[in-house]
Amino acid sequence: MPKNTKVTQREHSNEPVTESVADLLSLEHPMDYKSSQMSMGLSPGSTAPGRSLLPEQDAEDGRPAWNNKLEYILAQVGFSVGLGNVWRFPYLCQKNGGGAYLVPYFILLLLIGIPLFFLELAVGQRIRRGSIGVWNYVYPQLGGIGVSSLMVCGFVGLYYNVIIGWSIFYFFQSFQYPLPWAECPIRKNGTQAIVEPECEKSSATTYFWYRQTLNITSTIDETGGLNWKMTLSLLVAWILVCLAVIKGIQSSGKVMYFSSLFPYVVLFCFLVRGLMLKGSVDGIAHMFTPKLEKMLEPQVWREAATQVFFALGLGFGGVIAFSSYNKRDNNCHFDAALVSIINFVTSILATLVVFAVLGFKANVMNEKCVVENAEKILGYLNTGVLSRELIPPHINFSHLTAQDYSEMYGVIKTVKEDSFGQLGLDPCILEDELNKGTGLAFIAFTEAMTHFPASPFWSVMFFFMLINLGLGSMIGTMTGITTPILDAFKIRKEILCVVCCIIAFLLGLLFVQRSGNYFVTMFDDYSAGLPLTVVVILENISVAWIYGTKRFMQDLEDMLGFRPYTFYYYMWRYVSPTILVVLIVATVIEMSVSPAGYNAWVEEEGSERFHSYPPWALAMAYALIVVAMLPLPIVFIARHFNLVSDGSNKLSVSYRKGMMKDISNLEEQDEQRFILGKNPSEAPSPMPAHRAYLGPGGTQEMTNTNYGTSTKTGYQNIGSPESEL
């Protein structure tokens, strides 16, 4: 560049330089396209003349960058693959028709999952900001999208880390033999030793969860004070999260090597071990036996859509934040497909593991049922209540199988039809045990592990896996919170992370009261579902309908070097918004029809009972929805009536030495107007000549596109109006 140009003079001065919004938002800082890789046809690994490569930072804007592509992929996988893949997916699969559930899930993964995941990756990578900055740029009046994402991240992070705290508590309790939840505790009553009544009415694992771990109260109205064991576990969980996030993506990327890969090692070990257990095949066969009639139920499709939605972490801001640290020519289309497929395969792997173990557990419980009822029958035979003629001659009570018991049960039920109910015999059907579902991880799986040989080892491995899965998701959630704040304010990263974690721990004390589990249920039901769905549909609309699908497709072609499939054009513009609207309507209908409440633990009965929320708790639940979505109308109204600035005329950035590119072909007066952003309408386009994307099948060519001709600003207004296309 000539040394006497005004650009060079500004570069060496200490004044901040302002560039046109069109230039900044198109993310093509004044650039020498003659030496770019695309125009020169350089290979991806080669370097254009005059460009410096910084291993840890982007050479154009100083933004931190991933050390390598693998770390980034592992971070996205760690964020999207979480506890929901291990428990929620298998539960929904079992509940909604087994193998038949996989069909709607996979269809919806293609229709809304991958397209919207690709959209978030693309806008984050192109605009290189967190969720707040991205949506401010796309359409300032919908800048509240990013704020709502941040608030939902905060709500979810508060209770999600409590679950990690539970896993930490169980992890340390697992270093015992026998496991502390293997048997009911014995209470001494004078000279007599009796089994704890609450435990005897439920089970050893259920008692350990509700009484030893949570020490839960009977209603949400009784706080019961802090549970100090859970408080310390929560503190450890927040310390781990803070240490993982505090150094930024360079350190978290290294953490992801372990936290993202270790769960797969454990899942594979559990699968091998599970397949060696008696009855595991019964569980897997039950899981994959399709109940095709279920596919016709709307509820199955709604739950499949919700699971796809949450499985990929859409709307949280973590996907956008991670992607914003990529180089602008990164193939985010490949990333979207790869991470989505890994997520789906992980869900299938976890489902195989869960149902193999539950098949084993169901066989153990069914054998226990057979033994107990066989003893009842022997007692009736000895007392003459039942005649020995009712027992088939080939049945041997010392080696009684489930089939033998079923045959004997059928005969007795047929003969003693009138008085059969008084005998109190159970049918002991394996299918009934399998249909009881997966249950809570801290009850169902812990009970199964008590029957494993070397049970403490498997318990340690399992809960260490849960901690890693949870931390991977929490790192993404915290990144979704800190990245927008760091983009907007000059704050030291370390200080922000520590302050956020301290505040979150203090707020999280709500969940480690003795009644805290009820608040975890409330936040899980109300703080994320509806607000996140609204956030994602607004993301979709702002890109596909306000900014314009055709312009966005053209931007992707410029950024990636190839035109994305026209499949995405139709998904973003028509299919995905329609499905999301249906999902929102279905969610609202379900909330209005289903009673609002929680399952409370009744100590005297040793079981759960549904309770409706008291008025204050119901108000709190709905307040979570309102607070999460409140930034959307507030920001829209404030910017629509110009109550706050949306940065519509200029945006200041400080350039580092060597950032400016050669634009000496501009005339001096136009150059000054372009850099200072005084008159964007007269500024020449920073973009090279390219072919406009005319929609599916479009072939028409065009010359230079004039970016910046609109009177408004934001990423939305960089090109021609959508109606002109």
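Please read every residue number as a count from 1 along the shown chain.
Each residue, glycine too, has its Cβ placed from N, Cα and C.
Automated prediction, rather than curation, is the source of TrEMBL annotations.
Leu469 (Na(+) binding site): 28 other CB atoms within 10 A of its CB, across all protein chains. TrEMBL lists Gly78, Val81, Asn85, Asn343, Leu469, Ser473 with the feature Na(+) binding site.
The feature compositional bias 'Polar residues' is assigned by TrEMBL to 35-46 (among others).
For 700-725 (among others), the entry in TrEMBL reads compositional bias 'Polar residues'.
The annotation region 'Disordered' is assigned in TrEMBL to 35-60 (among others).
For 679-725 (among others), the entry in TrEMBL reads region 'Disordered'.
Taken from TrEMBL, the feature transmembrane segment applies to 72-90 (among others). For the transmembrane segment (72-90), the residues of the chain that approach it from at least six positions outside its boundaries are 66, 163, 249, 252-253, 256-257, 259-261, 263, 287, 307, 310-313, 318-319, 322-323, 325-326, 335, 338-339, 342-343, 346-347, 350-351, 354-355, 438, 440-441, 466, 469-473, 475-477, 479, judged by C-beta separation under 8 angstroms.
For the transmembrane segment (102-123), same-chain residues at least 6 beyond its ends with a Cβ under 8 Å from one of its own Cβ atoms are 93, 134, 138, 295, 300-301, 304-305, 307-309, 311-312, 314, 319-320, 323, 332-333, 335-337, 339-340, 344, 348, 536, 539-540, 543, 552, 556, 559, 564, 567-568, 571-572, 575-576, 579-580. Under the heading transmembrane segment, TrEMBL lists 102-123 (among others).
Positions annotated as transmembrane segment by TrEMBL: 144-172 (among others). For the transmembrane segment (144-172), same-chain residues at least 6 beyond its ends with a Cβ under 8 Å from one of its own Cβ atoms are 83, 130-136, 213, 229-230, 233-234, 236-238, 240-241, 315-318, 442, 446, 459-460, 463-464, 466-467, 470-471, 473-474, 477-478, 480-481, 484-485, 504, 507-508, 510-512, 516, 519-520, 523-524, 527-528, 531-532, 534-535, 538-539, 542, 624, 627-636.
What TrEMBL lists as transmembrane segment is 230-249 (among others).
Taken from TrEMBL, the feature transmembrane segment covers 261-284 (among others). Sequence-distant neighbours of the transmembrane segment (261-284) (same chain, 6+ residues past either end, Cβ-Cβ under 8 Å): 74, 81, 346, 349-350, 352-353, 355-360, 362-364, 430, 434, 452, 458, 461-462, 464-465, 468-469.
Annotated transmembrane segment per TrEMBL: 304-325 (among others), in sequence order.
Long-range neighbours of the transmembrane segment (337-358) within the same chain, counting only residues 6 or more positions beyond its ends whose Cβ lies under 8 Å from a Cβ of the stretch, are 73, 76-77, 80-81, 85-87, 89-90, 93-94, 102, 106, 109, 113-114, 117-118, 264, 267-268, 270-271, 274-275, 277, 280, 283-284, 286-287, 311-312, 434, 438, 444-445, 448. Residues annotated as transmembrane segment in TrEMBL: 337-358 (among others).
Residues or ranges marked as transmembrane segment in TrEMBL: 457-483 (among others). Tertiary neighbourhood of the transmembrane segment (457-483): same-chain residues 75-83, 85-86, 129-131, 149-150, 153-154, 156-157, 160-161, 163-164, 167-168, 170-171, 174-175, 179, 237, 240-241, 244-245, 249, 252, 255-256, 258-260, 262-263, 266-267, 269-270, 273, 313, 316-322, 324, 441, 445-446, 449, 493, 496-497, 500-501, selected by CB-CB distance under 8 Å and a gap of 6+ residues from either end.
Sequence annotations record features per position, and here TrEMBL assigns transmembrane segment to 495-514 (among others).
Per TrEMBL, the feature transmembrane segment maps to 526-547 (among others).
Taken from TrEMBL, the feature transmembrane segment applies to 567-589 (among others). Tertiary neighbourhood of the transmembrane segment (567-589): same-chain residues 108, 111-112, 115-116, 118-119, 298, 302, 305-306, 309, 529-530, 533-534, 536-537, 540-541, 543-545, 549-550, 552-553, 695-696, selected by CB-CB distance under 8 Å and a gap of 6+ residues from either end.
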Proximity of the transmembrane segment (526-547) to the transmembrane segment (616-638), 3+ C-beta pairs under 8 angstroms: yes
Most crowded position, judged by CB atoms within 10 A, among Asn85, Asn343, Ser473 as binding-site residues: Ser473
When counting Cβ pairs under 8 Å to the transmembrane segment (495-514), the leader among 230-249, 304-325, 616-638: 230-249
Output field, Na(+) shell: CB within 8 Å of site CB centroid, site Gly78, Val81, Asn85, Asn343, Leu469, Ser473 dropped: Val77, Phe79, Ser80, Gly82, Leu83, Gly84, Ser260, Pro263, Thr346, Gly472
Surrounding residues of the transmembrane segment (304-325) on its own chain - C-beta under 8 Å, 6+ positions past either end: 63-66, 72, 75-76, 79-80, 84-85, 88-89, 92, 96, 101, 104-105, 108-109, 112-113, 116-117, 120-125, 127-131, 134, 146, 149-150, 152-153, 156, 249, 332, 335, 339-340, 343, 347, 473, 476-477, 479-481, 483-484, 528-529, 532-533, 535-536, 539, 579, 583, 587
